[in-house]
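Colleague: I have a structure here, written as structure tokens, and I will follow up with some questions on it.
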Amino acid sequence: MYVEIGHYFFILSIFVALAYKKKNLSFFFSLYFLVLTICFFSFLFCYVSSDFSIYSVFTNSNNQLPLFYKVSGTWSNHEGSLLLWCWILSLYGFFFCFRTRNEVALTGAPLMIHKWIALFFSVFLCLTSNPFLRISFLSTDSGKEFNPVLQDPVLAIHPPCIYAGYVASTIGFCLCVSGTQQKKHTAREINESGKLKDHCGKRKAVILRSVLRTITRPLGSAYWKLIRIWILTCWCFLTVGILLGSWWAYHELGWGGWWFWDPVENASLMPWVLATACIHSVISFRLNSWTFFLNIVTFLFSLLGTFFVRSGLLASVHSFATDSQRGIFLLSFFFMASLSLLKKNRTTGAYDHLSEIEQILKLQLTLLCIICLVVLCGTAAPVLFHLLAQREVSTGAPFFNGTIIPIFICLLLVLVYIHYRSAQQAHSNHSVFLCVLFIIHVIFIKLIADLSYLESFCCALCFSLFFSFFLFKPSAPMNMILSHGGVCILITGVILSNTKKIQITQIMHFGFEQNIGNGRLCCLRSIDQLHGPTFQSICGNIACVSNHDTKAAIAAHHYFEKVISCVQSTDLASDLTRSVDSFVMFPEKRFCFSNPETSTTKVAIHTNFFTDLYALIGTGSFETGWYTTIMKLPFIFCIWIGFVLASFGGFRSLIRQLSKQKLNWN
């Protein structure tokens, strides 16, 4: 019964969207949100109750899955993810309408655009990817399940955060498109008032222009406030989603890193970069044309990212669809929206006289757009070459690192210059001190950390940017310090972890000892077999000893091996190893019952806050040995701390903007 209820309410949501009227905004969006809520939770209950008469449940779930993964399986497939997209879109529309329910003149045009976007996704979902589609035979169980690599608690939260960021850009898009039309109308009136100069005199024309600007400024301020709120919402959720996805890739994939320039990763990175640029452009009212453009392009790249995930054209470990026809609808909508909007919304700024800081800020925005364009070219190049030239081209880390790193260094340099240039107006006597401080940073990092000059230069820029808030901007908002400081710590962690990384991959037999770094001794003790509810696995038992004296470390290792062999409990073993400064890691290689030919890797990671020891087990046998990879990754914690600080600063800024009654321009 709940399947039919969900299906009927899903069809009803399309008719509710068609019956939209401006007179009853609150009633319409409350009804639309209620209808899609019933529809979404009916679909979720199909997974929880294992209703295998639904095609989506039959192909992505089974009875052996834990309840948590059954719930997350709702949005880990093509149909469920788009249904979640539509539900979040209705939720945002409800919040937007509720918050601005007393300003019908402000919300009428944006909500009309919101209605057509919601209608498009509902019709697209109904025609090409109906989540309530039934199978033609009776089944009480399914031998299939969604990708075992995706069965991770962190990754279960990752997709809703990415969708929440994508959909938040939709509201900003609606505001900017409607605001652009209003801006054109106002600019036309102001320009026509200039023609009165010949008939009414210069003084009357100036008075008329000031009156028109005074009339339209309150409505414009309300638009800017809402645009800033929704672009911050987009940026915050995308940051949290990228953080969770990077954490999952680091702990699950076994590649020894957190970012691999995967097409799906790039799909979320491009809107994040554009949202970052938009947050900086909305600071100045004179850059309103940039704000309009960046908001619109952020939404369009969110659509493009949705196409990348669901088209089946790009190979990825977390891509949903294998049918490219369904992604063609999204791609066609992307191109139609791009051509129509970029043609009609060629806005010109109302202010032609920009200050030096604003001109440098425009350069910063341009560099961010170039980074986004490079990521787009590198992501789409394999598909375009395959379709147009019938050639196989791959773009990996060498391409992205070689093109983006120089642009990013220029961006950091511009960002540091903006901060110090704005502070120099009040502290002109600090210019010499800044030069000395910068040189000291370069020399210090070069001598202490043994980095290259380019890496030292990047770290010096990060330190200079971080310290600028305390030296010259003590009254800067805390959210600004947290966000920029988090990005600086993140970049520093990326540089140091890649430079100081140690990796050893080789065949290890039982009792084989390997030195990792200074005084770190690792030994493969045994290979065990484990059984889980949906898998069986081989588990490596790797003992590690840490000591500055190698001989003492070897003696401690042999003592550790004798004691640990008599202990069956892992917790008790860990307690015994503390006396000899040792620990044990248990990497796994899992084989699922539903598909024994597919294997997944469970990485063993030991963290002492400053350094991660990273181990994984590969293929092998008891006779030939086992392929084993052991890595030493220092300063990885800086990456996670930087992400968390940036996210916290973004959410703090969002809460601060929500509590404001109006946007104060500097």
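Heads up, the Cβ atoms here are built off N, Cα and C, so glycines get one too.
Sequence annotations record features per position, and here TrEMBL assigns domain 'Cytochrome c assembly protein' to 75-312. According to TrEMBL, the domain 'Cytochrome c-type biogenesis protein CcmF C-terminal' annotation covers 348-556, 583-655. TrEMBL lists 6-21, 28-50, 82-98, 118-137, 157-178, 227-249, 269-285, 292-313, 325-342, 363-387, 430-448, 633-655 (among others) with the feature transmembrane segment.
Provide an account of the burial state, proximal residues and distances for the features listed.
Modeller: The average per-residue pLDDT of the prediction over the domain 'Cytochrome c assembly protein' (75-312) is 77, rounded to a whole number.
Under 8 Å from some Cβ of the transmembrane segment (6-21) lie the Cβ atoms of residues 28, 31-32, 35-36, 38-43, 46, 83, 86, 90, 111-112, 115, 118-119, 122-123, 125-126, 131-132, all in the same chain and six or more residues away from its ends.
Same-chain residues lying 6+ beyond the ends of the transmembrane segment (82-98) with a Cβ under 8 Å from its Cβ atoms: 10, 13, 25-26, 28-30, 32-33, 36-37, 39-40, 43, 74-75, 107, 110-111, 114, 117-118, 121-122, 124-125, 129, 131, 159-160, 163-164, 166-168, 170-171, 226, 230, 306, 310.
Away from its own ends, the transmembrane segment (118-137) comes close to residues 3, 6-7, 10-11, 13-14, 17-18, 32, 43, 46, 52-56, 58, 78-80, 82-83, 85-86, 89-90, 93, 325-326, 329-330, 333 of its chain (Cβ-Cβ under 8 Å, at least six residues beyond either end).
Sequence-remote contacts of a segment are chain residues at least 6 beyond its ends whose Cβ falls under 8 Å from one of its Cβ atoms, and for the transmembrane segment (227-249) they are 96, 152, 154-155, 157-159, 161-162, 164-166, 168-169, 171-172, 175-176, 179, 255, 257-260, 265, 268-269, 271-272, 275-276, 278-279, 282, 291, 295, 298, 639-640, 643-644, 646-647, 650-651, 653-654, 657-658, 663.
Nonlocal intrachain contacts for the transmembrane segment (363-387), taken as residues 6+ away from its ends with a CB within less than 8 angstroms of a stretch CB, comprise 261, 263, 266-267, 269-270, 273-274, 276-277, 280-281, 287, 290, 294, 297, 301, 304, 308, 313-314, 393-395, 399-400, 403-404, 407-408, 410-411, 414-415, 418.
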Colleague: I'd like the per-state residue tally for the domain 'Cytochrome c-type biogenesis protein CcmF C-terminal' (583-655) from DSSP, helix first, then strand, then coil.
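Modeller: Counting residues by DSSP class gives 20 helix, 37 strand, 16 coil.
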